[in-house]
Each structure stands twice: as C-alpha cells, then as structure tokens.
Amino acid sequence: MLLKDKTIVLGVSGGIAAYKALDLTSRLIKAGAEVKVIMTRSAAEFVTPLSFQSLSKNAVASDMFEEPKVWEIRHISLAKAADVFAVVPATANIIGKIASGIADDMLSTTIMATKAPKLIAPAMNTNMFENPIVQSNINKLGSLDGYHFVMPESGRLACGDTGRGKLADIGVIFDEIMRLALRDKADLRGKKVLVSAGATSEPIDPVRFITNHSTGKMGFSIAKAAYLRGADVTLVSGRSTCEPINGIKTVNIFTAEEMHKAMTVLSKDADIIIMSAAVADFRPEFEAEHKIKKGSDEKLSLSLVRNPDILSELGRQYGGRKVIIGFAMETRALIESAMKKCAEKNADFIVANNLKTEGAGFGTDTNVASVIEKDGTVTEYPKMEKFKLANIILDKAVDILSK
Ligand code: CTP
C-alpha cells in the first residue's frame, strides 16, 4: 500500500484512450490511494462517470451534472486535496488550455488552482500531436516547474493512422504518478544508484553462446524501487525478460567483459553499487569466426577462461567509500558461502538466496532471501515480492549511506 494517505486527482479528457484511465484508477486504488476523478464533458461521452465512480468509490466531478456555481467552489477543495494531479489521457485541447491559462470548466479550473505536481499523459492523432502548436504547448509546460509529461508511444491509432500519439503504457504512467506522490519520502534523492541485472552471455561461435537462467527481475525491481525513491538510476543489463523502465538510463550489454567495462566507467560517479547480475565466471577462450560444424566428431571440448570478477574489483576499489551490495545464489551452504563472498569481495552486504527454496528461483516474482552483512549479522526474510525485497535492500543502503 505504497500510496496510502495519498490523494490522486485524475483528470480525464475526451479521447478514445479515456477507457484506459479506468485501469489506472483501479491500480491507484489497489496501491492504497484516494482517487478523485474529474471528467471533461467530452470524456463523459466516451466512458460513463459511473464506471470511475464505482472503481474510485468517490463521486466523479463532471460538468455534465454540475452547475458552474457548484464546480467553481468544488474545484478549490479538489485542487488542495491533490498530492499529484494527473491528466490521463490529455487531449490537444486540454493541453492548450493549461498552457494558455484558460480555465473554463471543472478540469481546467482545478488544475490551474493546484500546487501539486502535475502529470500529463497526452494521447491524440499523430498529426495533432506533431502540430507545432501542440508541441510548443507541451514544451512550454515541460519547461515549467511542477509539470511532468509521460509522452505517447507510436502505434496504430484508433483513427486508423499509424504514428506517435498512442497513450503511454498505463504501468509507466502509474509508476510516474507513484514517483511524484512519494517525492517527499524520496530518501534517495540526489543519490546515484548503479544496478547490474540479468544474465551475461558468452559467445562460442556466431550462432551459440553460454548463458544462465537469470531473467533480471530482481535487478529491475531494485532499479525501479530506487527510481521511485528519487535516485538517479543507471541499469546495466544483460539478457533479461523485463521491459525497459521509464526514467532509468539502461545500458544493454551481452558479455561479462562488456558488463565489466560499463560498470568500471559508471561506478566512478555512483553512491550505491548493486551487483544483482548473474555474471558468467568463465567464457570460451576463443569465439569461432564461423559456425562450428559437427563433422564426424563424437565429442567437442570447449576451453574456458576466467572472466573478471566485477564485484570483487569494485569492492577493492570503493569498499568503505561507496555502498557495495552483492548477491549470492546457492544450492547449499547458503549463509557460509555468502559470508565468505561478502568478506572476499569487500561488500557491505550480500543478499543470498537458495535456488532450491520454493519461491526463490529464477524468473519468479518472489524471493526468499537472507542478508549477510560484513560484521557477520544475518537477517533471514520470509518469501516476499521482489519489489518489496528491493525496498528492504535500499533501506539498508540508505542506512549505511547515512553513517
Ligand atoms: N559477480 C561478479 N563478477 C563475476 C561473478 C560474480 O561481479 N565474474 C558478482 C555477482 O553479480 C554477485 C556476486 O558476485 O553479486 C556473487 O556471485 P556468485 O555467482 O554467487 O558467486 P561467484 O563469485 O561467482 O562464486 P561461485 O560461483 O564460486 O559461487
């Protein structure tokens, strides 16, 4: 319930994407927020206010049903109540009104009266979106304090055209609202967090490579949690099944050596370094220039050579000066191995999990982890969502930073 005690005022303007704001309302409610919806007259032509009312359990403010006298008073209380004011979807019309200071209905009046951060997610026909007037309105608002945009995606639009203008993914919009709503709790604001995630892959020939089962879910959860807590996050990712995270710089790499290079450069600026990637310890000594043919051989041996140990190197270089966090995935002697790794790699702590424990494997949304600190303290955690564990890891990192 990350959004408990937060009020999100959601302005819905009239476009075909208005129905997607229902999904957003439901996600905000599930995260514990109080959601107050304001619909424009044309939005109410696309989706009924009753749908928003049922999901939000709050009356919907709409010009359809209220005399100007009523909304002229109500808009002030809604404007004050907002922790975040979101306009999803935002039409060219509402963006134009906001940018020009026109307040002639419930939504435009309330948004003008609010001091809350404003999140605008445009959705419209490509030609409208690319219209220089719309672009100039967006640029004008984007340059002002307190206005944030989640830009539309490219795709097939309801009008049949293909191009930019499709409402951004609701998950991305939700994350951005969450980040703005939690800004006063943003204990990582001003901090640079570097996270590695996913699996490295080590080429054998142009067709084949050696890799592992990592999906990157743990590392991506950490990156996202750090971003929501206000950090400037860079993610160095190997093979992963996760979607890129809006607002996070992501460097995609393939091999351990590429990850090593990227981490070496990026770690210089980082305050917190988290190595959650599953890095291959060995790589084929030679990558064949052409596809290896099986011929008549019954056996094939691969000669492997050691990859650099990235965590050890960063620990040696920055241990005690930056927060260094490692992971350990084991199938036996979890705590002993993790303790050894923590000491040898000079990490502040190691997050260890046993692959054989139910709910702790590759690709799951949960983890069952123990945290082993350099002073030998061991804390065992029950099965939980990776995102929750990510926040526990970051709590510890913040704690160490403050010392
Ligand atoms: N790690 C690393 N570079 C490597 C191997 C591992 O930075 N070449 C990091 C991992 O990202 C993880 C930690 O070291 O944070 C422990 O990784 P793990 O694979 O569990 O341990 P290893 O050090 O490889 O030791 P072993 O394979 O013997 O268990």
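Glycine too: its Cβ is placed from the backbone N, Cα and C atoms.
According to TrEMBL, the features are:
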- C159: active site, proton donor (ACT_SITE)
- D281, K291, P308, D309, I310, L311, F327, K341, K345: CTP binding site (BINDING)
- 6-175: domain 'Flavoprotein' (DOMAIN)
- 188-398: domain 'DNA/pantothenate metabolism flavoprotein C-terminal' (DOMAIN)
- 1-192: region 'Phosphopantothenoylcysteine decarboxylase' (REGION)
- 193-403: region 'Phosphopantothenate--cysteine ligase' (REGION)
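With every protein chain in view, the residue among the recorded positions C159, I310 whose Cβ has the most Cβ partners within 10 Å turns out to be I310.
Residue pair P308 (CTP binding site) / C159 (active site, proton donor) shows a Cα separation of 53 Å.
With D281, K291, P308, D309, I310, L311, F327, K341, K345 listed as the residues that bind CTP, the site has a largest C-alpha separation of 37 Å. In the predicted structure, the region 'Phosphopantothenoylcysteine decarboxylase' (1-192) carries a mean pLDDT of 93. The Cβ of D281 (CTP binding site) has 12 other Cβ atoms within 10 Å, all protein chains considered. In this view, F327 (CTP binding site) is surrounded by 25 other Cβ atoms within 10 Å of its Cβ, with every protein chain counted. Here the residue listed as 'active site, proton donor' is positioned 57 angstrom away from K345 (CTP binding site), judged by their C-alpha atoms. Ranked by Cβ neighbours within 10 A across all protein chains shown, the binding-site residues P308, K345 are led by K345.
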